[in-house]
Structures are given as structure tokens and as C-alpha cells.
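Asker: Pulled from Swiss-Prot, these are the listed features:
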TRANSMEM  85-105  transmembrane segment
TRANSMEM  114-134  transmembrane segment
TRANSMEM  156-176  transmembrane segment
TRANSMEM  185-205  transmembrane segment
TRANSMEM  220-240  transmembrane segment
INTRAMEM  268-287  intramembrane segment
TRANSMEM  292-312  transmembrane segment
BINDING   398-519  nucleoside 3',5'-cyclic phosphate binding site
REPEAT    543-572  repeat 'ANK 1'
REPEAT    640-669  repeat 'ANK 4'
DOMAIN    822-888  domain 'KHA'
Amino acid sequence: MEKKKVWFWGVKDDGEGGGGRGGGRTKDAEDDVADHLSRDGTMSQYSLSKGLLPSLGANNRSSRDVILPRFIVSPFDPRYRAWETFLVFLVLYTAWASPFEFGFLQKPRPPLSILDNIVNGFFAVDIVLTFFVAFLDKVTYLLVDDPKRIAWRYASTWLIFDVVSTFPYEIFGSLLHESIQGYGIFSMLRLWRLRRVSNCFARLEKDRKYSYFWVRCSKLLLVTLFVIHCGACFLYSIAAHYPDPSKTFMALTDENWKESPIAVRYNTAMYWSITTFSTTGYGDIHGVNSREMTFILFYMVFNLGLSAYIIGNMTNLVVHVTGRTRKFRDTIQAASGFGQRNNLPVRLQDQMVAHLCLRYRTDSEGLQQQEIIDSLPKAIRSSISHYLFYEVVDKIYLFHGISNDLLFQLVTEMKAEYFPPKEDVILQNEAPTDFYILVTGAVDIIARVNGVEQVVSEAQRGHVFGEVGVLCYRPQLFTVRTKRLSQLLRLNRTVLLNLVQANVGDGAIIMNNLLQHLKDSEDPVMKGVLADTEHMLAQGKMDLPLSLCFAAARGDDLLLHQLLRRGSSPNEMDKDGRTALHIAASKGSHYCVVLLLEHGADPNIRDSEGNVPLWEAIIGRHREIAKLLAENGAKLSLDSVSYFSGLAVEKNCLDALKDIIKYGGDVTLPDGNGTTALHRAVSEGHLEIVKFLLDQGADLDWPDSYGWTPRGLADHQGNEEIKTLFHNHRPVEKKPKPIPGIPQSPVTGKPLMKYSSEPTMHSGELVLDGGQVVVSQKRKLNNFRNSLFGIISAANSADDGGEVPRSPAVPGGGGSMIYPERVTISSPENGETGGKVVLLPNSMEELLKIGENKMGFVPTKVLTREGAEIDDITLIRDGDFLLLSRDP
């Protein structure tokens, strides 16, 4: 049997279906529903007020996944809902016609009889349709689509009543005797259909598209009119069947009432019925005979209960609207009484009343957004807060430079509050529990001096106050009082610290912003706070997590020493991959550099751009720092020398180029694209640097990867001074000045190999490390090194900024082997002429120690073949012949 989808969200079934109850069709149905919801952007009215909620658990059997058999209709199908709504209007007609026919008609009379049969026809169709409508099991809340169970349920409940109320009286009346007037009684059976109206109002009361107040009022009005209509029809029926028409209530106004038109009689009966129901007018129905008196007795008792029900409902509706006002007035009265009873100052009493009035206003106008936000899921709360307040918080000086992640979290945790004019937000000397951001309005910053309040300044939109007390953990410095209606964002100190604990780098930025703000302030109070705060930082008494980079950026060697003693890693990095040694070297903080080196900081560690601390000191023109770093093993790696040379040229810093040479670098080397420092100097037009580079042996005909030579660039740019300099320059054969530790090999005429990689941090390039040849692996700085996985892997790998094991022979370019330096040592005292070949050690002390072992005496100095004394190991090249001697 073919199946079709059952919809719970008002989606039409455009397909004919097919297949069984397999998961494929179920999945298609789910996908179609999801597409429907995505297109509309919101769920239809059937999703919440009329649909089903799935049961808990991932493996529940939800009715949303049911695929109904063919010809079975879902009770949630919008077409079936429309059919039910249409029948409700027919029921309203039946509610009027049935009592009227019972009281005023003795037999069928057109056009009512025709309309009755038409209406009966629609309800007959509904009886047949009900046999094909699935129903919900009240126990399992699953949709039952078995035709047999549907038929049995309907047949055992409402079928007999629906059939009887739909059966035409013309067929039924022909079976009765003429003396039996059953037309009116039979018409009253149709009132069974009123249950549909009750169900319809129950659905409307839950539908958010309709006002609950007006739905309830409409329902009560219809109930009242129906009761009055039934009362008039029933009482008229009693009068019409009474033997003596003159002894009825109708005869009180017109003795010949039976001769009046039926409309007049109906109007008279309705008048007496409504005056009795509402107990208004000049009197109630006056029962003349015993039948009328008996009916009126029950009618009045019923009216008493119905009136109580209506009055109770209307009272609840009205009280719900006015309850807030009553509660507000009671609260205001209680607050005023409290202030007067305790002799509070008038200013405090006014603040109490103003705050309560503002809270009532925000409640009544729907502005109390915090209560609404707190009732929503976290994701929705975060999105709302981000939309409303992110732009304001992003401009606060305290959060300049922090990550977007922390800023988003801070915005989510902030609470929006309204404050009326002249209300104290913060009191001077109170505990620092919160700080505030001003969204709208204005506040006065007030200081109490010698018992007198003085306005220090005024804060406008986008300002923050209370942050000094919160971040420095000291009593609030000022009283903050609103000038006009203001909206504030409040952030709790505990929440802030918890967020900063997970973002240590951002915490340092926040503290730095605060200290800079205090430093820029001209207020003497702020200057005192700055001094106290710096002292607390040096003593390590701040709750905020501080990093070495923060201390190095401030040049605070006391704080740096305190953090190092607490176990902070001397090589920890900030978000840019810079270590505290990078920062201290760039700022020339001598004591900070000494502390870091003493605690094991790596002098050759690189940041994310490939810069080393030695280069930071060189480019910052801190010669003492550069010398200190060099003495502690800092070097310029071969793969970065060309990059540093290019930076020095761009900054037009000739001294930096000289320092590069001083610390073993070759400023004539090309980068990975074949570009040399001379190329850049010509492009920038730095004549003095061009002269210096030519003196260092730079090749003015060296082409880069695009074929441009320095000479060609000078001709292209038309720089006459440089062109003249090139023309007058006499090319001399320059013996390459190697970086110490790099062996020399004969030039084969093959040009320097060019690489497509970046000019810095090349993989597989050679660096200097105590005169030995090592391999410098390319490092990619990212968040991995700070993660748990990075920490674990760093213990098992030397690639994470640690030393790389040395190898006696390292593969060079083109598959050749590059061997370490070798020298020949000899001693005139032993009479040797040939000498002995040894590996060049890392220091002069080691060389003298080797000589002692080889020569059998204790040498004290190293000489060249010509007799010149050598006092630095870096002056010795591969293949040199050395003489060892001792002082006489």
C-alpha cells in the first residue's frame, strides 16, 4: 500500500508517496520539513500550539517521523484544520436554529428546513471523513493510523450521536404518528455539535496570533447570547403549548400575542429573557402559570451560576491588566513608609521612589530586557548581547587590543540596567564588586573632600567607571551619580577574573591599558593609584594572571623577577610569537635581558616573523644589549641574514648593517628570491648604503629571480649618483668572507641556487652554533605549542625551539657533504714541521687543551704562520696552519 507523509508544520504533500515505512521515506519527510522551516525562517502555527513535542531521548519513536498510509488524513493537516473551522461556522447556525425551531415552529418550514438539510449534508460528509482521520493515543502520544483502530474508536464513542444529530427529520418524522410533535425535540439533538465550538476556542486561546483577552471575551459573549436565546425559546414553547393563552407571560403585554408576527413574538421573548438574566429593566419574567414558574425557578438558579462564572472570568482578565499598577502603588507606599519610619534623608527617599518608578516603567513598556534574556538559552543570549552592546564595549579603552574571543565572552556576561536621574551607582570607598560601562545618559564622578562632595568630572556615552577599584582591588575612589536617565552595562569582578584566567595574554593587555590610562591622567589621585598599582605588580599581589611579556613591555625587572621565581617559562610567547627576551631587547631593558638570560631564556629563539632577540637589539640601536646577547650565544642565522640586511636597508640604517657584519653576517648574500641588500638600496636610493655594500664586495651585476641586477635598477630609475658610483667602481675579486663555522668550497661557476620559498626561516638552511654546522628546521609558530598536545610532544622532540643534535657531516645542496672545519696545529718548541690536523673546537680554551694533549706541554697562545697572535676562535678559518707556544 502506498504511503504519504504526515505534516505537523502545515506543509503540503505534493508527492504521491511510494514505498513502505522504510527509513528512506522517513528521512525524505524530515528533510522536506527542515527545508520548509529554513525557507520560512520561522515555524508555522502548527509547530507549537497544534503540533506534537517529541519524547525525550535519541531513540524515541516520534510521531513526526510517521508516514501515513494512503487515504489516512493527519489531524494536523492544514486542509483538515480548515475543514474543521468551516464546520464551526455551521455549528453557530445550528446553535441558533435548533432552539428557535424547538420553541417557535411545530413543523419544518422553508427556508430553515432547506438550510438544515444542507448543513446536515456537510456533517454527514464529516462522519465519513472521520473514519479516515488518524488520532493520538493519549497514553503514548503516538499517531494511530490503523484504519481498523480508527473505525473502532469512532464507532465506540461519538458515531451514534453524530448520526442521530445529522439524520433528516423528514425521514424520521414520517415514522411518527401525526399527534406526536417531534420536530422541535429532534432539532435539539443537533446541539451535540457545540463541542466543536468549545474545541475551537481552546485552540484559539493557545494561538499566539490572537489576543487571549478578546478570545475569552468572545467566548463569554457567545455563551451569554446562547443562554438568553435558549431561555426565550424554551419559555415561549411553554406559553405556546399552554391551554389558556391569556394565562401566560406573553399575555402580560398583548392578549392577542398569538396573532402577532413571529418576529415580534421572538423579540418579546428575548426581551424578557435578557432582563431576567441580567436582572435589569423594570422587572423580570413574571411566571403566570405553574409551568412557567417552575421553568423560571431553574432558569434563575442557572443564571446565578453562569453570572458568577462570567464575572469571575472578567475579573481575572481585568485584574491581570491592572495587577502591575496595584502592586506598584503598594510598593511605592511601602517604600515611602519605610523611609519616613527610619527618618532617611529626603535624597535617599527620592532615590528609592525614582528607582521603583523606573522599574515599573521598564516592566510596563517591555524594556526589562535582562529578565527576558535570562530566560533564554545561552546561545540566544550571547547573540542578543553581541548585537546590542558589542559596538559599545569594543570602543572601551580597557579592551583595546584584546582578542575577539574574550571580548565576545565579556559582552555576553554583562548585565544591562536602567538608572533614574540623581541615583548613586557606585559609592566612594565601597567594595569593588562591579564596574560599569555607560551606554546612554550621563553620570557625575564625585569625590568627597573634607566632608563636601565635589564633582571631579562627567562621564558620557562609551565611558567606563569603577574599573580602577575592580582591577586594582581597592575601595572605589569616587561616587558615581547619574545626571539623567542612563542605561549601564554591569560586569562582575569575579566573572571578569574567571574569563581572564583563561586568556592570560589578554589579561596583560587589559592591565597595560589600565596603567597607561592612569599614567595619562592628570588627576593626583590617579597618580597615587598608579604608584600603588605598580608596587603591587612588583610584589605579585595582583589577582590578574600576568605574563613575562607584560613585565618586559613595561621594563619592570622587579615584576619580571617575581614571575620567574614563581616558575614562569622564560621562553613563553605572546600571541605574536614574541618572547619576553624579544620585547626586552627591542626596548633596551638591560636588567630584564640579564634576568631572562640567567633563567635560561633561549637567545636564538625566533618570533612568528623570524626575528631573533639579537636583531631586535640591533635594529633598536641598543648596542649594549646586542653585545650582551652575543656574549651569551646569540647569533644571526645564515638563512635570516639576507632578510635582516633588507630590513636595515629599508629603514636606511647603515649602523645596523655594520652590526650585522660585526656579529658574523654577510650583507651581500641574496635571499630566496635572489634579491640582495644592494638591490633594495638601489631601489630606495640610499647612496651611502650603496657605497658601503660595494665596499663589502656586493655584486652589482647579480640578477634576482626576475632578472634585475642592481646596475639595471639604477639605469631604470635614472639615479645619476648611483649610476656614476657604479661606473667608477672598480670590480675587484673579493675573497668571500665566510661566516665563522662555514667551510669554504671552490666556486664552480654555477650561480647561487634560487628558491621559491620566503626569504626567512628556510627549511634545511645552515646556522651558526658555536662554530659547528647544524640544520635549522623551519618552524611554524602557532597555538599548537601552547596546547596540551604541544607540551607533550615538545618533551619528545627537539623541533620546538630546542637545540638540534649536531652531526659530524651534514648533507649540502646538490647531494654533496659539508664537513666541519679542520686546522693544522704545530709547535716550534718540539721541532715539528708537519704538525697535526684536528677539528676546530668551539673556543680558544678548548684549542689550547687539545694542543696540550697533542704536543706534551701547556701552550698559552696561538700564532699564525707569520707570527701574529690570535685571541678569538672566530678569526680561525678552515685549513689554517696554527702555531702553539707558551710565554717565556
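Positions of Cβ are set from backbone N, Cα and C atoms, glycine also.
Situate these features within the shown structure.
Answerer: If you look at the transmembrane segment (114-134), the same-chain residues 6 or more away from its ends with a CB under 8 A from one of its CBs are 6, 68, 71-75, 80, 83, 86-87, 90, 93-94, 97, 101, 108, 143-145, 147, 150-151, 154, 159, 162-163, 165-170, 187, 193.
Below 8 angstroms of C-beta separation, residues 220, 223-224, 227, 231, 234-235, 238-239, 248-249, 276-277, 284-285 of the same chain, each at least six residues beyond the ends of the transmembrane segment (292-312), sit close to that stretch.
In three-state terms derived from DSSP, GLU430 (nucleoside 3',5'-cyclic phosphate binding site) belongs to neither a helical nor a strand segment and is classed as coil. GLU430 (nucleoside 3',5'-cyclic phosphate binding site) counts 13 other C-beta atoms within 10 Å of its own C-beta, drawing on all protein chains shown.
Long-range contacts of the repeat 'ANK 1' (543-572) within its own chain (CB-CB distance under 8 A, at least 6 residues past either end) are made by residues 471, 473, 497, 500-501, 504-505, 507-508, 510-512, 515, 534, 537, 578-581, 583-584, 587, 589, 591-592, 595-596, 599-602, 605, 801.
Helix, strand and coil counts under DSSP for the repeat 'ANK 4' (640-669) come to 20 helix, 0 strand, 10 coil.
Across the domain 'KHA' (822-888), the DSSP tally of helix, strand and coil residues reads 18 helix, 19 strand, 30 coil.
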Asker: Which bits of the chain, at least 6 residues beyond where the transmembrane segment (85-105) starts or stops, bring a Cβ under 8 A of a Cβ in it?
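Answerer: Distant Cβ neighbours of the transmembrane segment (85-105) are 112, 115-116, 119, 122-123, 126, 183-185, 187-188, 190-191, 193-194, 196-197, 200, 222, 226, 229-230, 232-237, 240, 262, 265-266, 269.
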Asker: Same chain only, please: residues at least 6 beyond the ends of the transmembrane segment (185-205) with a C-beta under 8 Å from a C-beta of the stretch. Say none if there are none.
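Answerer: Tertiary neighbours of the transmembrane segment (185-205) are 49-50, 84-85, 87-88, 90-92, 94-95, 97-99, 101-102, 116, 123, 161-162, 164-166, 169, 172-173, 212, 215-216, 218-219, 222.
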Asker: Quick check on the repeat 'ANK 1' (543-572): DSSP residue counts for helix, strand, coil, in that order please.
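Answerer: Final tally across the stretch: 16 helix, 0 strand, 14 coil.
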Asker: If you draw a 10 Å sphere on the Cβ of LEU398 (nucleoside 3',5'-cyclic phosphate binding site), how many other Cβ atoms land inside?
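Answerer: There are 18 of them.
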Asker: Where does PHE478 (nucleoside 3',5'-cyclic phosphate binding site) sit in the DSSP three-state scheme?
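Answerer: Reduced to three states, the DSSP call for PHE478 (nucleoside 3',5'-cyclic phosphate binding site) is coil.
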Asker: Counting other Cβ atoms within 10 Å of each residue's Cβ, which of the binding-site residues ILE446, GLY462, PHE478, THR494, ILE510 comes out lowest?
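Answerer: Looking at the binding-site residues ILE446, GLY462, PHE478, THR494, ILE510, the Cβ with the fewest others within 10 Å is that of THR494.
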